[in-house]
Amino acid sequence: FILGETCSALLLFISIMTMFMSGVVAIFEYDLKKIIALSTLSQLGMMMFSISLGLYELAFFHLLTHALFKALLFLCAGILIHGAGNTQDIRSFGGLSLNLPLVTVCMNLANLSLCGVPFLAGFYSKDLIVELACQYSWGIFVLLMMFICLSLTVLYSVRLTYLSFVGPYGGGTSISVCESDYSLVGPVVILSFTSLVSGPILSWLNFPAPVLIFLPVFLKWGALFFVGVSLLVMLSLQGLTYSYKWGAVSKFSGLMWFLPWLTGQGFSMKTLKNA
């Protein structure tokens, strides 16, 4: 490794903990923009995880594919916020698929690509990182944490889709005229097309030679198994609508594991009070 064995192990630990923390926090978050920001943090952790294994080209490949479907996700979120009366709380959405069908399709396409559903843009980079990571001898703990982090991505993506488009109406306003504004919908449709075709195109450009990876059956199907189980778990929890059932866990996660207090906020508040 270019980074050295010690630096690679440290980066591996930090990247896995970043993916895990951002995934857990996103599950209990209700701010739409925060959920997408935490999703970005999780994918940055995936890129650093790839770099810690020495897979620099795959990290760059995932950066390119992630940029396309995450840009689509942010644009769709902006349309949702505009159409829902400038509110970011996903609990006030609900049933938006009836009023914003095109945005619903495009945003779900971005979410599926984020989860690594086969043959979408995110699948070609994430699945390759996961399969190559399974060949490294870092131990069962690293592999298990990697699959858990993949499951968390599916959990908060399904939760976001359920509370925004499928779940009961939350009481907020909804403006269906947003989809008649081509300046809003046009870029979304274009990015939706790139989320479909950018995966194989970028894969052919970055890796002209085909990649063949031999793994045991349980590792080969491990990612899809965790994705399917996560989907069923979140649907059974009904999108974690009622946060009071989770009490301290929800509060602890909503405060980002107290990291803002431990890093910057506590020191800033003390110094500002003294000033």
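Yeah, the Cβs are placed from backbone N, Cα and C, and that goes for glycine too.
Per TrEMBL, the features are as follows:
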{"type": "DOMAIN", "residues": "5-147", "note": "domain 'NADH:quinone oxidoreductase/Mrp antiporter transmembrane'"}
{"type": "TRANSMEM", "residues": "7-28", "note": "transmembrane segment"}
{"type": "TRANSMEM", "residues": "34-56", "note": "transmembrane segment"}
{"type": "TRANSMEM", "residues": "63-82", "note": "transmembrane segment"}
{"type": "TRANSMEM", "residues": "102-124", "note": "transmembrane segment"}
{"type": "TRANSMEM", "residues": "136-158", "note": "transmembrane segment"}
{"type": "DOMAIN", "residues": "156-273", "note": "domain 'NADH dehydrogenase subunit 5 C-terminal'"}
{"type": "TRANSMEM", "residues": "184-205", "note": "transmembrane segment"}
{"type": "TRANSMEM", "residues": "217-237", "note": "transmembrane segment"}
Which residues of the same chain, at least 6 past either end of the transmembrane segment (184-205), have a Cβ under 8 Å from a Cβ in it?
61, 64-65, 68-69, 71-72, 75-76, 79, 82, 102-103, 105-106, 109-110, 113, 119-125, 178
As a quick check of your reading of DSSP, tell me how many residues in the domain 'NADH:quinone oxidoreductase/Mrp antiporter transmembrane' (5-147) are helical, how many are strand and how many are coil.
111 helix, 2 strand, 30 coil
Model confidence over the domain 'NADH dehydrogenase subunit 5 C-terminal' (156-273) (mean pLDDT, whole number):
73
